[in-house]
Amino acid sequence: MYYLQVSSSSSAAHGCFCQVTGSLDDCACDVETIDAFNNERLFPKLQKLLESDYFRFYKVNLNKPCPFWTDSGLCGQNNCAVIPCPPVSIFLTLAYLYEESPDSQYVDLLLNPERFTGYKGHEAWQIWNSIYEENCFKPYTVKRPLNPMASYSGQCVEKRAFFRLVSGLHSSINIHLSARYLLDDNWFQKKWGHNVSEFQQRFDAQLTNGEGPKRLRNLYFLYLIELRALAKVLPLLQRPSFQLYTGQSTQDRQHKRVLLELLQVAKSFPLHFDETSLFAGNKEEAANLKEDFRLTFRNISRIMDCVGCFKCRLWGKLQTQGLGTALKILFSERQIEALPKSSSARLTFQLSRQEIVSLLNAFGRYNSSWHRIRYTRKVQINIKSI
């Protein structure tokens, strides 16, 4: 049986924090093992890497119209706006020389952090409702996105996995919005900070009819999937021909070394998720399921163009692409293993710069979620597995 507890304590010196404990059925480990591995070995290296020029700039088209409904109102608040990069940036001219897209813009992610902007209500609800109701392999008993973990009866393991990934993504976003909540907005100041009640409304067992801890459990599942993808992509990114090119050769070499150290740490995790359990049945059925995955995920990516808050749209598109890149890596294991050793040979598997940037930044979101939930207080949850 699965058991998870979210306990809390506080001190005058360190403030309030939330600690998740228990065991997982997605790998032969407990959450304490994952937390220790993440916080002590991965988090410092990853945060340093995400502050570098290569990973802080993300190219995205935020002006695509919503393809599913016409009444998607745009957020009129300044907090929803995205600060674009100056077009005269030498770095951006060099870095994206071969990625021309006239409708896209360059965004400095450090200047546009993921946080609650005031975008809420029916428009925000409609986004997740569409994802869960129409574009996700949800259990038949799930009727609302606020209850994303009901009985999995009749669901194959692949569709269960897909649903849990989407739920984990949703949980990560909610954690960051609760951690950086717009607490005060007036003419002379804006104040962001921890909103404990918002966190409790989304993850407390009693307030969510027992669903909150399951959402956190799905976030761990998402983390394990992306951690596995980072380990699998090492052979591609350690090739001499792959460079973190920004035009600053010394820093580029240093950052590639940090990246490879990070991927080696990810590879060293002793209890990785076993992706061979997915698509392991009949080859024709497996191929059809993979195509369902691709089409369903593509639709979810397009739904992000319906988000009325541009800053929310930015992070939604980035994290969706990051998850899609992780799945692309896991589904391409044979191509990665067959990469030619010669640096001049044509590669059968490649990742674009945008995919690499989204992969690492999305993992950074899940990676920092465990630091974010430490602010929570008075939350204590016990559940059993489904």
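Backbone N, Cα and C atoms are what each Cβ position is placed from, and that goes for glycine too.
These figures come from a predicted structure and were not determined experimentally.
If you look up TrEMBL, you'll see CYS75-CYS80 (among others) marked as disulfide bond. Of all Cβ atoms in the protein chains displayed, 21 besides its own lie within 10 Å of the Cβ of CYS75 (disulfide bond).
Applying an 8 A CB threshold to same-chain residues 6+ apart, the list for THR117 (FAD binding site) reads CYS75, GLN77, ASN79, CYS80, LEU182, CYS309, LYS311, CYS312. Taken from TrEMBL, the feature FAD binding site covers ARG115, THR117, TRP128, SER167, HIS170, ARG202.
The active site, nucleophile annotation in TrEMBL covers CYS309.
The disulfide bond annotation in TrEMBL covers CYS309-CYS312 (among others).
What TrEMBL lists as active site is CYS312.
Residue environment of CYS309 (active site, nucleophile) contains 25 other Cβ atoms, counted within 10 Å of its Cβ in all protein chains. Highest Cβ count within 10 Å among the disulfide-bonded residues CYS80, CYS312: CYS312.
The binding residues for FAD are recorded as ARG115, THR117, TRP128, SER167, HIS170, ARG202; their greatest pairwise CA distance is 21 Å.
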